[in-house]
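Taken from TrEMBL as is:
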type: DOMAIN; residues: 1-118; note: domain 'DNA polymerase III beta sliding clamp N-terminal'
type: DOMAIN; residues: 131-245; note: domain 'DNA polymerase III beta sliding clamp central'
type: DOMAIN; residues: 248-371; note: domain 'DNA polymerase III beta sliding clamp C-terminal'
Amino acid sequence: MKFTVLQENLSKAINIASKAVSTKPGLPVLSNILIEAIDNKVEFSSTDLELGIITWIPAEIEVPGKITVSARTLSDFINSLGSGKLSLYMEGTVLKVKGANSHANFNVIPADEFPEIPHDLDKQIFSVNALTFCTALDKVVFAAALDDTRPILTGILFEAKEDGLSLVGVDGFRLSKTKLNVEHIDSKFNEVIPAKALNEISKVAKEADESDVIELYSIKGNNQVVFKFRESTFVSRLIDGEFPEYRDILPESKVLELSFNKEKFNDAIKIINIFARNIVGNKTIFNIDTLDSKLTMSASLAEVGSDEVTLEVEGVKGTDMQIGYSAKYLADMAASMDGEIITFETNGSTAPGKFFSPDNENYFHIIMPMRLD
């Protein structure tokens, strides 16, 4: 194998492929990137057996071939070099990388030890603007569970219908739902995709231009899907299991409604979190005074002390109420909202709290209350 590429192209490709490299590999080869020189391009592949990434760059191929090499070491070396042409070639059992003033030798593992990443496309599920898709992901992936006690909750529900695509994330304590207007969608697609994989896809696709799209495909006879973006292919497994019937916890009525300024709310949360971060569950008390149109947030810890912040609210309808919420969840919620105003609704101090922005009717966030005692 021997080829010549530009350092800036090689660096970008390796950085993309490295996002699927296993951090705790059961097999040594999973710490590596598969490099394959073929035709007029070089492909770079990696997998942690849940997410696989394949990306490519143009190259001058002298001798085709393929090999695997340590992802981290290769990435660190290539990223430390200046721009210009690099030559990569095999000499015996060593991969040599040469630049204008630098060179390195890398030990390798044979390519036939690298797991195959299936990516034969079956049918297209949808095609959507890449930046729009990334924005939608940012509104839901943070609400997925981080631990795998219930694996289904570590994923995002993709719920396709003829009028668009809904994305739902839930961890048992909070829920996020957003809807995308997608044309020509397979309305039968109803699957759960790992939030971890979607996060990595989003990191790459956020570099998109306004005209770039992301396409989702199924793989025939396989419990996986393929996302395609520019020169990169992302292959993710689907999570088996039954996603919670999230509609059951959506409030059907309300006894309290109010709106507040997002920026002032964010400032208040930062202050409250100085104490709340030391409390189990980051518990913060919402105290709503409907007569004076005020929302007072407070946190109290016997060994440390307490603090509180009062905000003016608008459009108050309902009765006075005291509710407990996680300060962290409130901060995450506010960060996901569009516009300057957030509206809050609830059907009682023990009922789910619904948050949404009047500027985006396709998105809302639900937070379950905490016990006050």
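Glycine is no exception: its Cβ is also placed from the backbone N, Cα and C atoms.
Secondary structure of the domain 'DNA polymerase III beta sliding clamp N-terminal' (1-118), assigned with DSSP and counted as helix (H, G, I), strand (E, B) and coil, comes to 30 helix, 56 strand, 32 coil. Within the model, the domain 'DNA polymerase III beta sliding clamp C-terminal' (248-371) carries an average pLDDT of 95.
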